[in-house]
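Chemist: Feature list, courtesy of TrEMBL:
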COMPBIAS  1-12  compositional bias 'Polar residues'
COMPBIAS  561-574  compositional bias 'Basic and acidic residues'
DOMAIN    3-144  domain 'SCP'
REGION    1-23  region 'Disordered'
REGION    553-574  region 'Disordered'
TRANSMEM  229-248  transmembrane segment
TRANSMEM  260-279  transmembrane segment
TRANSMEM  315-335  transmembrane segment
TRANSMEM  347-367  transmembrane segment
TRANSMEM  379-402  transmembrane segment
TRANSMEM  439-459  transmembrane segment
TRANSMEM  479-496  transmembrane segment
TRANSMEM  508-529  transmembrane segment
Amino acid sequence: MTSEQNEIVNKHNSLRRGVKPPASNMLKMSWNKEAAANTQKWANTCSMNHSPASSREISTGDCGENLYMSSNKNTWSSAIQRWYDEVQDWRYGVGSVNGGVVGHFTQIVWNKSKQIGCAMAHCPNSKYKYFYVCHYCPPGNYNYTNPYKSGPSCGDCPNACDNKLCMFVDYDDGKGHGHDPHSNDTHHEQKPMDLYPMFQDVHVMIFIGFGFLMTFLKRYGFSSVGINLLLAAFGLQWGLLMQGIWHLEDSKIKINIFKIINADFSTATVLISFGAVLGKTSPVQLLIMTILEITIFSINEHLVANVLLANDVGASMIIHAYGAYFGLAVARVLYRPGLKNGHENDGSVYHSDLFAMIGTVFLWMFWPSFNSAIADPGFTQLTAVINTYLSLAACVLSAYAISSLVEHKGKLDMVHIQNATLAGGVAVGTCADMNIGPFGAMLIGLIAGIISTLGFKFLSPILASNLGIQDTCGVHNLHGMPGILGGLAGIVAVALGKKEKGDPAMQAAALASSLGFALVGGVVTGFIMKLPFWGQPPDQNCFDDSIYWEVPEEEEPNEESLAHADHSKNKAEA
C-alpha cells in the first residue's frame, strides 16, 4: 500500500481500538482496491453528495459511505478525525443525544465493516474545493443496532486478536495471486497448488536436510534430528501467525502454499541458530528461542520487503545472515568456560559423519527450489533456479580444492565437504533472480566455497578462543559470512542494473537491518535463555542424548570412551 493508504487504514484502526466502552468484537480494517476505485470515480464527479447504491458495490457485497468537503486541503487523518468527533453526541446503547449527527462516527466504529477504500478529488469549480470519499464494506449504521458489542477487547473475536482488534484466520482460495503483468513474465493466474512441488522441496530441506546435517555429533543424533523436528513443527505454526499479522487480507490471515513456504523460511532461521548452540541447550530453552527469534524475524522481514523494498529472493540476508548472527549472539551470552578445552562428546565418528553427509546431499539437491520458491513465476523463477544451480556447482569445486590445500598431505576434511559445498546456495540467494549471468553466479559460488572452507579451518578456533563464541556447527562459516557475501553481491548487482527495480542504498540498509536485528535480538534472547529455570544442561551432560532421550544400553556413555577427533569440530548446518 501507499503511505496515504497506510495512513487511512492505520487511523481507522487506531480509532476503532480506542472506543469507549471497549469493543469485544471489533474487526481490524484492511484496504480494499475495488472500494478505493469506486471512491475515486465518485470523488472525481465533484458532486458533493452521496453516491447511488450501485456505485458502492464490490465483488463481496455493498458498502457504506462517508463524505467530507473542505475549502482547504486536509490530511486524511484530519478528515477521519472530524467524522469520529461526532462521538461527543453519541452514547453507547442510546445512539444520538442532543440531536447531533453521529452517522459518520458510527460507520467508522461499526464492528463488521472490515474493509475500506478512500479517495479525494480537487474540485476547483465547486464551493468546496476538496471532496473526500470513503467506502466501508460491509456497510454499517443499521437501525436499532449498536455499532459493536461492549466488553473486554477481543473477548468475542472469531479467531485471532491483534492489539485489541479481531482478525480472521482462513484458507485462501488461491484466486487473485497472478504476478505483476508489467513484469517480464507472461501473466497468468496461479492455481492454488502450483507452488506445492516447491513447498515439498523446501519442506524436505527443513526436516531432513537441516536435521541430518547436525547428526555429526557421535552421541547427539537423536537430539539433532528429533529436536529439529520439534522446533520446525512449532516454528512453522508460530511463523504462519507472525507473518500473517503483517500481511492481512480482508482482516484475515489467509493460509495458502505461498504463506506456508514463508512459514518454513521463518523456521529456517531458528534451525540455523540451533546449530550455533547445538548440544548445549535444553529443549525448553530452544522453544523460547523459537518464539523470540521468529517474532523478531517477522519484523525485520516486513521492514526489508515492504518498507525498504529490497530484493532478497533467496534470503541470504533475512534468513541466513540473520539466523547465523542471532545464533552466534545467543552462543556468546551462553558461553561455557567449562567447555573451553573441549568435551569428549563434541566430535564425530565414522558413521555419524556419514549420516551428516545425507543432510548435505539433500540440501544441495533442493537448494535451487529454496532460492526460487517465492520468485515471480516464469522466467524470473527459472533464472533463480539456474543461478543457484551454477553457484552450487562452482562452490563444490572450490571447497574441495581449498580443503585439500589446507589439510595435511592434501587430504579432504569431511567437515569442509559437508558444509562449505553448500555456501554457494547461501551466497547467491539475494541476487538469484537477477540477470547476473552464468559467470556471475559461478563467481559468487566460487568465492563462497573459499571463504567458508577457510572459515572452518582458521576462523572458528579464533572465535572460540578469543571471543568466547562456541559455535558448535560453525554456522558463521556456512550461513554468516556467505550471507553477508550474498548481501554485498546484491548491492553490486543492483548498482550495475541487473535488477529492473532496485536501489543499492536500500539493499545496504536491508543487510544492516538484518545484522542489527540479529545481534541485538540474539543478545536479549540469550539473556532470557540464561535464566536458571529453563533447565540448561550442566557441562558434563552436553552433547549427550541420554539426558533427554531413552537410548540403547550400548550407547550409554562410559568412562573409557575415546577422545573425539579434532577434525570433527565446528561443523555447520544449512
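Using the three backbone atoms N, Cα and C, a Cβ is placed for every residue, glycine included.
Would you situate these features in the structure and describe their surroundings?
Modeler: Cβ atoms under 8 Å from those of the compositional bias 'Polar residues' (1-12) belong to residues 29-31, 36, 75-77, 80-81, 108, 116, 118, 134 of the same chain, restricted to positions at least 6 beyond its ends.
Mapped onto DSSP helix, strand and coil, the domain 'SCP' (3-144) counts 50 helix, 35 strand, 57 coil.
Away from its own ends, the transmembrane segment (260-279) comes close to residues 195, 198-199, 202-203, 205-206, 210, 214, 217, 220, 223-224, 227-228, 231-232, 235-240, 242-243, 286, 289-290, 293-294, 297-298, 301, 315, 319-320, 322-324, 326-328, 330-331, 334, 345-346, 373-374, 471-476, 479, 522, 542-544, 572-574 of its chain (Cβ-Cβ under 8 Å, at least six residues beyond either end).
For the transmembrane segment (379-402), the list of distant contacts is 183-185, 313-314, 364, 367-372, 412, 416-417, 420-425, 427-429, 431-436, 438, 440-450, 452-454: same-chain residues at least six beyond its ends, Cβ to Cβ under 8 Å.
Same-chain residues lying 6 or more positions outside the transmembrane segment (439-459) and placing a CB less than 8 Å from one of its CB atoms are 386-388, 390-399, 402-403, 406-407, 413, 415-416, 419-421, 423-424, 426-428, 431, 474, 476-478, 481-482, 485-486, 489, 493, 498, 570, 572.
Note on the transmembrane segment (508-529): residues 273, 281, 285, 288-289, 292-293, 296-297, 299-300, 303-304, 308, 310, 312, 317-318, 321-334, 484, 487-488, 490-491, 536 of its chain, located 6 or more positions outside it, place their CB under 8 angstroms from a CB of the stretch.
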